[in-house]
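As recorded in Swiss-Prot, the features of this protein are as follows:
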type	residues	note
TOPO_DOM	1-10	topological domain 'Cytoplasmic'
TOPO_DOM	32-37	topological domain 'Extracellular'
TOPO_DOM	59-71	topological domain 'Cytoplasmic'
TOPO_DOM	93-116	topological domain 'Extracellular'
TOPO_DOM	160-163	topological domain 'Extracellular'
TOPO_DOM	185-201	topological domain 'Cytoplasmic'
TOPO_DOM	223-234	topological domain 'Extracellular'
TOPO_DOM	256-270	topological domain 'Cytoplasmic'
TOPO_DOM	292-298	topological domain 'Extracellular'
TOPO_DOM	320-340	topological domain 'Cytoplasmic'
TRANSMEM	11-31	transmembrane segment
TRANSMEM	38-58	transmembrane segment
TRANSMEM	72-92	transmembrane segment
TRANSMEM	117-137	transmembrane segment
TRANSMEM	139-159	transmembrane segment
TRANSMEM	164-184	transmembrane segment
TRANSMEM	202-222	transmembrane segment
TRANSMEM	235-255	transmembrane segment
TRANSMEM	271-291	transmembrane segment
TRANSMEM	299-319	transmembrane segment
Amino acid sequence: MRLLERARKEWFMVGIVVAIGAAKLEPSVGVNGGPLKPEITVSYIAVATIFFNSGLSLKTEELTSALVHLRLHLFIQIFTLAFFPAAIWLFLQLLSVTSINEWLLKGLQTVGCMPPPVSSAVILTKAVGGNEAAAIFNSAFGSFLGIVVTPVLLLLFLGSSSSVPFTSIFSQLFMTVVVPLVIGQIVRRYIKDWLERKKPPFGVVSSSVLLMIIYTTFCDTFSNPNIDLDKFSLILILFIIVSVQLSFMLLTFIFSTRNNSGFTPADTVAIIFCSTHKSLTLGIPMLKIVFAGHEHLSLISVPLLIYHPAQILLGSVLVPTIKSWMVSRQKGVKLTRPTV
């Protein structure tokens with residue numbers, strides 16, 4: 001009985017285990033072109049649902065105030081698209097003297113050059129109770145920015161260049177991010193009183209969508225023949241990726257919690273996730289365009305295929321810890337405020 005109660009309370013963590021297990025048993029169900037059609041249901045419907053859900057749940061004034069938080073936007077975008085790839089490049093200079101496959105290392109560099117994802121950072125920020133409005137803006141803005149910046153970074157660090165279909169990617173992002181968010185805000189204006197009275201489970205909806213994303217991502221990972229590497233290389237790359245993620249999460253936490261940073265605990269949560277997450281849905285198509293016909297494309301893609309599920313899993317596992325820190329920090333701020 002107590003076990004069932006615990007499982008109900010931790011339903012999301014149980015859901016992650018079930019999703020990964022189901023993906024391992026029958027990955028063909030959730031791969032692109034499979035029965036679930038994730039190229040439509042995830043890339044379009046799931047992402048649109050997340051941002052429509054956010055549009056419904058967020059107060060308009062919260063979105064407006066997030067737009068003018070320039071310091072936060074600059075921090076996230078500079079960290080993601082400048083510091084991250086540069087730091088990875090320096091790290092790879094050390095790893096280049098090891099026996100690790102050079103194309104896997106180049107794949108790690110491509111991870112550093114990728115834009116942030118449009119969904120996972122938003123969902124995790126919402127799950128913690130952080131600054132969701134800031135996460136939405138930076139995920140969307142970073143994705144749009146990455147369409148232009150990422151090919152330039154790949155050219156700079158790897159010497160690879162190709163024409164990217166900016167128009168089609170821009171239109172997909174606009175239709176799945178901007179339009180649902182605006183529609184959600186418009187609908188909210190008409191049912192605001194009902195929303196505040198009933199308090200629908202927006203967090204549960206977002207978390208359920210994330211479970212679907214986790215499931216289809218692992219279906220792709222388990223069914224991908226390109227990940228047929230020796231176990232040592234896979235374990236080593238996985239260890240490096242998790243170490244990089246944890247190090248950068250810690251780094252963003254340290255920078256954003258300094259006394260003179262000007263960031264609230266809720267801002268810090270958005271910064272941690274938005275600064276360290278990288279997009280698979282934008283990343284893989286970009287790699288296929290930029291490295292079209294390259295004989296080592298499969299190896300170059302492996303680190304990103306591992307990084308994406310790893311960031312979702314790591315973020316999901318850390319949600320209770322980060323939430324506990326944020327709540328205690330917010331209580332501390334309230335207690336130290338002078339009473340009038």
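Easy rule for this one: first residue shown is 1, then count along the chain.
Glycine too: its Cβ is placed from the backbone N, Cα and C atoms.
Taking every listed stretch (117-137, 202-222, 235-255, 299-319) in turn, the largest tally of C-beta pairs under 8 A with the transmembrane segment (164-184) is reached by 117-137.
If you count C-beta pairs under 8 angstroms between the transmembrane segment (117-137) and each of 11-31, 38-58, 72-92, 235-255, 299-319, the highest count goes to 38-58.
Through the fold, the topological domain 'Cytoplasmic' (185-201) approaches residues 55-58, 60, 63 of its own chain, all at least 6 residues removed from its boundaries and within a Cβ separation under 8 Å. DSSP labels the residues of the topological domain 'Cytoplasmic' (256-270) in these numbers: 7 helix, 0 strand, 8 coil.
Averaged over the topological domain 'Cytoplasmic' (320-340), the predicted model reaches a pLDDT of 74.
Ranked by number of Cβ pairs under 8 Å to the transmembrane segment (72-92), the listed stretches 11-31, 139-159, 235-255 are led by 139-159. Simply put, out of 139-159, 202-222, 271-291, 271-291 has the most Cβ pairs sitting under 8 Å from the transmembrane segment (235-255). Across the topological domain 'Cytoplasmic' (59-71), the DSSP tally of helix, strand and coil residues reads 10 helix, 0 strand, 3 coil. Cβ atoms under 8 Å from those of the topological domain 'Extracellular' (32-37) belong to residues 216, 219-220 of the same chain, restricted to positions at least 6 beyond its ends. The transmembrane segment (11-31) makes no contact with the transmembrane segment (271-291): fewer than 3 of their CB pairs lie within 8 A, with pairs spaced 6 or more apart in sequence. For the transmembrane segment (139-159), the partner stretch with the most Cβ pairs below 8 Å, chosen from 202-222, 271-291, 299-319, is 271-291. Residue counts of the topological domain 'Extracellular' (93-116) by helix, strand and coil are 15 helix, 0 strand, 9 coil (DSSP-based).
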